Amino acid sequence: MYNDDFLNVKKSQNIDQKESPEQQATTTASGRVLKRTFDLALASSWVANWRRRSSRRPQGELVAPMDQHSGIWIRAAVAVAAGGAIAARAVRRKSVDSSAVFVGVPAMVAHTVAGYRFAGLLLVFFFTSSRVTRIGETRKRALDPEFKEGGQRNWKQVLSNSGIASILVVLISLVTGGTDRCLDSRESTVVTALIGGVIGHYACCNGDTWSSELGILSKAEPRIITTFKRVRKGTNGGVTIDGLLAAAAAGSSIGLAFVLIGFLTTVCASDVFWRQLLIIPMATAAGLCGSLIDSFLGATVQYSGYCSVRKKVVGVEGPTVTRISGMNILDNNGVNVVSVFLTTLLTAFACTYIF
């Protein structure tokens with residue numbers, strides 16, 4: 001059977017050999033074109049694969065799945081230990097109450113599993129915001145109706161300042177498998193947008209905290225952002241130059257932390273590597289923008305009034321309270337969530353175009 005097929009093939013070849021010289025030339029030329037086309041496609045495919053691989057973290061290709069899973073479990077264990085120690089210290093210093101621990105520690109674990117850069121952003125926000133909250137406590141006690149010693153935060157405040165970011169880092173972990181990635185839309189637009197969203201989230205949170213805690217200590221009288229009229233200190237939506245500068249500085253600290261930690265944990269292609277430095281000015285803008293969004297919401301949908309009995313600005317209506325600005329729609333936590341969400345979206349979209 002196989003011999004007959006072989007003979008039939010040889011016969012067909014002999015018949016083909018009787019083609020005219022023009023036909024043979026055409027066949028030969030077509031074969032050369034096909035061969036060159038195939039070689040070009042093969043080379044293009046190899047170059048494309050090489051470019052994609054060169055922009056990825058080399059360890060991600062060499063580490064076995066079991067090693068990756070082991071690394072994730074190690075990071076989770078480190079996060080539990082470190083998060084527990086930090087939470088205990090924060091409770092002793094009255095930076096948070098006991099209810100905040102049950103939100104803060106799981107958030108720390110989720111951020112660390114996604115990558116050390118994200119855990120770094122969470123810690124930079126926590127430590128710097130706690131530090132600026134303690135500045136000028138005596139003056140703040142006389143101005144802020146919700147003042148608490150040490151700036152003690154409860155679970156609602158911790159959740160409003162870390163909830164959206166925690167969702168984003170979980171999504172990042174699912175997409176990347178816990179491998180650090182650079183901001184590079186050519187490799188993955190989704191990952192770039194998610195990472196940009198986390199940066200914008202903490203730039204906004206840090207910017208709002210620095211702006212509020214340091215702006216209220218400014219010697220200048222605040223102006224409400226909607227009409228620029230002078231208002232009492234402590235009025236929601238009131239801004240000062242000092243407060244806005246503090247918001248920009250807070251955002252830049254988030255961007256700087258992300259870049260510095262990324263240099264140690266992430267490997268990028270050379271052209272992608274230098275573009276990561278753009279995160280710093282972008283985070284600075286996000287801190288300022290987030291503070292402005294928060295101030296606008298505070299001036300419009302958050303109530304502010306002056307209490308003639310307590311002699312300070314308060315956030316609730318009452319018989320002894322004269323309205324200053326805003327409608328009683330959102331409280332401070334609600335304003336924070338909305339401003340963080342909007343800043344996160346804006347930064348995520350910006351990253352897909354910048355990187």
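Backbone N, Cα and C define each Cβ position, glycine as well.
Values in this document were obtained by computation on a predicted structure and should not be read as measured data.
Database features (TrEMBL):
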{"type": "REGION", "residues": "11-30", "note": "region 'Disordered'"}
{"type": "TRANSMEM", "residues": "72-91", "note": "transmembrane segment"}
{"type": "TRANSMEM", "residues": "103-127", "note": "transmembrane segment"}
{"type": "TRANSMEM", "residues": "158-176", "note": "transmembrane segment"}
{"type": "TRANSMEM", "residues": "244-265", "note": "transmembrane segment"}
{"type": "TRANSMEM", "residues": "277-297", "note": "transmembrane segment"}
{"type": "TRANSMEM", "residues": "335-354", "note": "transmembrane segment"}
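Taking pairs at least six residues apart, the transmembrane segment (335-354) and the transmembrane segment (103-127) share fewer than three Cβ pairs below 8 Å and do not count as touching.
Tertiary neighbourhood of the transmembrane segment (244-265): same-chain residues 115-117, 120-121, 124-125, 128, 132, 180, 182, 199, 202-204, 206-211, 213-215, 276-277, 279-288, 290-292, selected by CB-CB distance under 8 Å and a gap of 6+ residues from either end. Long-range Cβ contacts of the transmembrane segment (277-297) within its own chain (Cβ-Cβ under 8 Å, at least 6 residues beyond either end) map to 183, 196, 199-200, 203-208, 210-211, 225-226, 236-239, 243-244, 247-252, 254-256, 258-259, 330, 335-336, 338-340, 342-343, 346-347, 350-351, 354-355.
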